């Protein structure tokens, strides 16, 4: 059973009940706590746009605990983060792997954080294909382009040379929160709020 908790808030007009995610959204907090797919991307992008419309000056907080997922869905979130006027602060709580790590490092410079026991993992994109040789070749070219584009984003956002990124992403490259800070993926490790 996947129950979403509700909270009750006292107001001048009485009590008001919210699901926990709606209540957090009032505080400009968005949570990605699952694999990144089209449904998650649509929800996160809608929340980003809503919060921008509410106040284009205030930061938005994106909390990430995700094994990654679809690159197309991940890029939808990343592009929306870059599009909107408010800065997006990112925080890894648990795991930010694959595209989850890209979203973590895509936060505003100086505002990317991880909790002490977080784990961050970068790697090259995964893909599979079957079909005719031409279709396989087209897909292989697309995956190689994605690999280059992702490595460039990581290099640009971390300050690491692209050659190091290309080497490190050949396989799953896991980091602790402190190692991710040294690498340039996050700007700090948060012990207390």
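A Cβ is built for glycine as well, from the same backbone N, Cα and C atoms used for every other residue.
According to Swiss-Prot, the features are:
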ACT_SITE  98  active site, nucleophile
ACT_SITE  123  active site
Rounded Cα-Cα span from the residue listed as 'active site' to residue 98 (active site, nucleophile), Å: 6
Long-range Cβ environment of residue 123 (active site), under 8 Å and at least 6 residues apart: 97, 98, 169, 170, 171, 172, 173
